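Colleague: Supplied in structure tokens, the structure appears directly below.
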Amino acid sequence: MATEEMREKSLKREAESLWDIPPESYASKACSCMGTAAQLVMVAVLGSFQFGFNLSALNTSKAFIILDFGWCKDENGGHYSDCDTGLVYGSLINTAVFLGACVGCLLGGRLTDFGRRASLIFTHCVCTLGCILSAAAEGFPTLLIARLVVGVAVGMFTVCVPMYLSEVTPDDRRGYFGTFHQLFITLGIFFGTLLGLAFGNAPAGDEVYEVSTFQQAWWRVMLGLPAVVSLLAIWLLWFVFPFETPQYMVEKKQRAKATALLREIYGRDNVDVEIQRIVTSRYQQKIQRAQQLTVWKAIVHPTYRSVILLACLLSIMQQFTGINVLVANSNNLYSSLKLPQDAVTGLTVGFTALNVFLTVITIPLVDRLGRRTLLLFSEAVMFVAMGIAFVANLVDQSNTAVQWVTVACVYVFIVGFAVGYGPVLWIYIHEIFPPEIKQGAASLASALNWVATVAIVLPSDFLLKQGFSVFVGICTVALAIIFVVTFIFVKETKGLSIEESPYFKGKSRALGSPSAFRMELNSSPSVPLTRGEGAAASAEKGMGLTDAAAMNGGRGVSDDLTKGTEVV
């Protein structure tokens, strides 16, 4: 009887997948306390958690990996963690995640063309493979390859998760749900460092240290644990939520399914306008693709050049503030200050906990205070914090008071970063580009951000070995430069469309303005919504592409996909 019932359910699911037949409900009945959109968001941000966890997991475990593999040995065969070989190998495995992410973020856009849900499943599979290989590594080569694979998954998550979120959430709550991506990144970072407390006191670099059996096993558990999260996500996406986003359904001519899902997402029966927006967005994207300027042509065009260079500079300099050194290498940073070893991991956990807290409370500030204001405030706070730390360490780094003042400055730094430069950058670089260069220019800025991350994280062990003042001096200079650039060149975009943007006011663009684009749409025939009532409603109202474009502010639905996203 049970077998027959399972067979019937299997046949029903197969029929639904082959034909445009919506299921009875898209939401999981096991979690009736949450709406459909909230359930889908919580599943998607498991990828965001993986992003954060894998960036920070090596922070607390790297020293024990060096000891376990015996990369540093004295003449008596004793293991310690501070030698040239350990420094090089440790830096490379730490940076491998960021290097892999450079590749992954470039692959992510292509991957989503095969389906938003499918792209998440594939990325979680890659992440699972990388984490299992990390846990099973037997030496430097295998661990390096494993961390590169994990990095590719991290890079793909930066593209796939925001896109999925933007397409399964209501328009009026997209900003709210979009911040869950950044929130779960910071939660992943927090738990990645929190689990490091189980190691006990961090070993001093020149101390001969015998790694316990528990410590030998625990670093493997930490690097392999994300595989469990990914397997859970794969199971949920495969069996509990086995459907694509409304946008992808419409693209695959599954209008009835898309309509049914949108009704659950919005909590109302009439979603004709939402379906029309999706159809309109697809037409817009087709026209924009046909008219798309390559980023290289745009750079030599006088109208676009300065904006692209500004976005790239903002993106690169975000990493030269030192933020990802604090995320990925803070244990070494605190050790370079000669702080007590029993306080090092605790300080790292406190730092990441503060990051989570600030991410939660800063969510509404971006729209209230404006982009330029927050950037300037953020950069000023970070500059003052790093400047004080730099001067104090130049005077007397060995002084206990100076050491704790430096720790306080690091904590003030994260306050400044979390309320401005962190989240605002990713909103800003997706607001200042017009449609004809947006995809290429934003991708270039994002890729350069990852390249800059590699450039600052890779040598961070060597810089910190020379003393904290060298590292903090570089960050202070970078912050001074970017504050001046922001003050002179960055213009406020809060509440403005591209048509009103001060960057293009009075300038001739290669493809004209959104007004011209709407005129082009005006000549297009009305697009039917769905078979049945949607099409009838459209015919009755006479809603064409131009009407829906106006309702959507002249933007495609997917334009908001990366707003509110931060890469730390």
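Each residue, glycine too, has its Cβ placed from N, Cα and C.
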Colleague: What does Swiss-Prot say: are Val168 and Thr213 on the same side of the membrane?
Modeller: no
Colleague: From the candidates Cys83, Cys102, select the one that Swiss-Prot records as forming a disulfide bond with Cys72.
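Modeller: Within the candidate set Cys83, Cys102, Swiss-Prot assigns the bond with Cys72 to Cys83.
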Colleague: Taking only C-alpha atoms and a 10 A limit, tell me which of Cys72, Cys83, Gln318, Gln319, Asn324, Trp426 are near Asn355 (beta-D-glucose binding site). These are the recorded positions.
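Modeller: Neighbours among recorded positions: none.
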Colleague: Can you work out whether the transmembrane segment (33-53) touches the transmembrane segment (470-490), with the criterion being 3+ CB pairs under 8 Å where the paired residues are 6 or more apart along the chain?
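Modeller: As far as Cβ distances go (cut-off 8 Å, pairs 6 or more apart), the transmembrane segment (33-53) and the transmembrane segment (470-490) do not touch.
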Colleague: Considering every residue in the topological domain 'Cytoplasmic' (164-182), what is the mean pLDDT value?
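Modeller: Taking every residue in the topological domain 'Cytoplasmic' (164-182) and averaging pLDDT yields 74.
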Colleague: For the transmembrane segment (375-395), name the stretch out of 87-107, 143-163, 183-203, 307-327 with the most CB-CB pairs under 8 Å.
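Modeller: Comparing 87-107, 143-163, 183-203, 307-327: 307-327 has the most Cβ pairs near the transmembrane segment (375-395).
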Colleague: Write down the Cα-Cα distance for Asn324 (alpha-D-glucose binding site) and Cys83 (disulfide bond), rounded and given in Å.
Modeller: 23
Colleague: If we call contact 3 or more Cβ pairs under 8 Å (sequence gap 6 or more), are the transmembrane segment (444-464) and the transmembrane segment (87-107) touching?
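Modeller: With 3 or more qualifying Cβ pairs, these stretches touch.
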